[in-house]
Amino acid sequence: MAKIKTSYFCQNCGAQSAKWIGRCPACGEWNTYVEEVIQREEANTVAAWKPVSTSRQVASKPKPLSEISFEAESRIVTNDQELNRVLGGGIVPGSLILIGGEPGIGKSTLMLQIAMSLKNQRVLYVSGEESELQIKMRAERLGTNHNNCFILTETGTQNIFKQIEQLQPELLVVDSIQTLHSAFIESGAGSISQVRECTAELLKYAKESGTPVFLIGHITKEGNLAGPKILEHMVDTVLQFEGDRHMTYRILRTTKNRFGSTSELGIYEMQGSGLRQVNNPSEILISQREEHLSGISIGATLEGNRPLLIEVQSLVSPATYGTPQRSSTGYDAKRLNMLLAVLEKRGGFKLGTQDVFLNIAGGLKVEDPAIDLAVCASILSSFDDLAIPSTTCFAAEVGLSGEIRAVNRIENRISEAEKLGFKEIYISKFNVKGLDLKGRGIKIHTVSKLEEVLSGLFG
Ligand code: TYD
Ligand code: MG
């Protein structure tokens with residue numbers, strides 16, 4: 001083992017110590033010291049990644065921006081439209097992409113599926129979590145099989161690079177970064193300094209060889225990517241794979257992207273045979289119902305850049321046990337309470353004695369304020385036991401004084417509703433600027449107060 005200079009750093013305040021200490025004298029936090037490499041002796045160690053001589057190896061010199069050639073078409077376009085969209089139009093060569101998500105959400109499934117779908121690229125799938133047999137079983141489940149996808153069950157970065165040199169893959173997937181370990185660092189796999197070192201080695205490999213690298217990352221109890229925050233700074237793109245484990249929908253979103261927008265969103269459905277791309281999410285988020293039921297309304301929201309029509313369901317019934325209950329799934333509970341107070345104070349509805357249960361169908365979590373009006377409509381529909389026509393939808397925010405407020409990108413919302421066959425939409429009066437109200441297949445109601453919505457809906 002080569003001699004490496006290490007030191008201990010507090011992960012909370014950054015204080016340094018030559019030996020491990022339980023309590024940081026600088027900030028008082030317990031158990032925050034982690035060993036980190038400060039200098040490694042290059043001479044007698046195996047190089048982390050020794051690229052075959054490439055033109056990229058020439059020491060870089062400043063160049064005028066205008067002279068840098070731009071190969072726009074060099075992105076690898078996968079068969080997965082959702083992934084392409086989220087990455088901003090395909091995988092950029094030499095990019096390092098981190099994908100995080102809860103255990104069991106489907107990260108390995110998604111990556112293996114993508115690895116197998118790339119028929120023209122040699123893909124190396126490195127797994128430190130599952131055996132070859134387990135991966136084979138998963139691949140069988142996914143159905144598609146091809147010969148250009150190689151599996152390596154290995155956790156040492158030096159061995160991985162050795163295999164990479166032989167195989168020369170065109171795409172590398174690492175499942176997961178927390179299982180890797182580098183011989184340069186003594187601490188165990190998954191520790192902060194290991195994660196950082198392994199990522200740095202892979203980053204160097206990606207940039208020097210031009211091979212895109214996907215890293216699967218674990219997340220902590222709080223939902224953040226496990227490992228140092230610096231990990232997110234090192235990579236080019238951070239993708240988050242989320243969804244409710246009991247629901248079949250999965251959402252892939254970007255939280256950072258050096259090569260595209262971060263407001264894109266990919267939607268998948270987990271099926272028995274892997275993840276299916278969902279191209280028209282609104283159709284499945286709105287349940288097919290035959291009869292008119294009270295308490296159901298449709299909100300035209302945006303998830304990222306994508307317009308989505310989402311079903312809001314509520315149940316309002318007299319509270320039988322003391323304090324009325326308020327419960328909401330997929331919608332901020334504080335915001336629900338606020339809207340209930342607005343309905344009580346401004347609309348005169350006696351909701352104070354009622355239990356209110358609210359649910360966003362499909363297991364989605366909605367933060368877009370444009371769903372407010374749909375929430376109010378759904379609550380009142382249940383309270384009065386009057387059904388809202390199933391071809392009516394809503395897109396507006398509700399303010400504290402019961403005013404109907406404008407929302408962004410109203411044009412997209414209306415177009416999506418129209419495309420899905422809705423006949424009427426309620427929007428704010430303040431949203432009509434530059435909007436063509438006539439000549440559409442959908443009737444646009446412009447309102448400024450809650451009462452106008454109610455009289456329009458229930459007469
Ligand atoms: P997995 O990819 O192992 O999750 P992660 O790598 O994020 O921990 O996903 C495992 C879950 O997906 C598991 O609960 C079973 C389910 N699954 C399906 O429903 N269909 C499938 O075809 C596959 C492969 C998995
Ligand atoms: Mg996994």
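Note that Cβ sites are derived from N, Cα and C of the backbone, with glycine treated the same way.
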Problem set entry | Of the residue ranges 256-260, 286-290, 346-350, the one that TrEMBL records as motif 'RadA KNRFG motif' | 256-260
For this session: Count the Cβ atoms, other than its own, that fall within 10 Å of the Cβ of Gly104 (ATP binding site), considering every protein chain shown.
Result: 9
Problem set entry | Fewest other C-beta atoms within 10 angstroms, as judged across Gly101, Pro103, Gly106, which are the binding-site residues | Pro103
Exercise. What residues in the same chain, six or more past the boundaries of the motif 'RadA KNRFG motif' (256-260), come closer than 8 Å to it by Cβ-Cβ distance?
Worked result: 86-89, 92, 95, 232, 235-238
For this session: Starting from the Cβ centroid of Gly101, Glu102, Pro103, Gly104, Ile105, Gly106, Lys107, Ser108, which together make up the recorded ATP site, report each further residue of the same chain whose Cβ lies within 8 Å of that point, ordered by sequence.
Result: Thr109, Phe241
Seminar exercise, completed: Within 10 Å, the Cβ with the most other Cβ atoms among the binding-site residues Glu102, Ile105, Lys107, Ser108 is that of Lys107
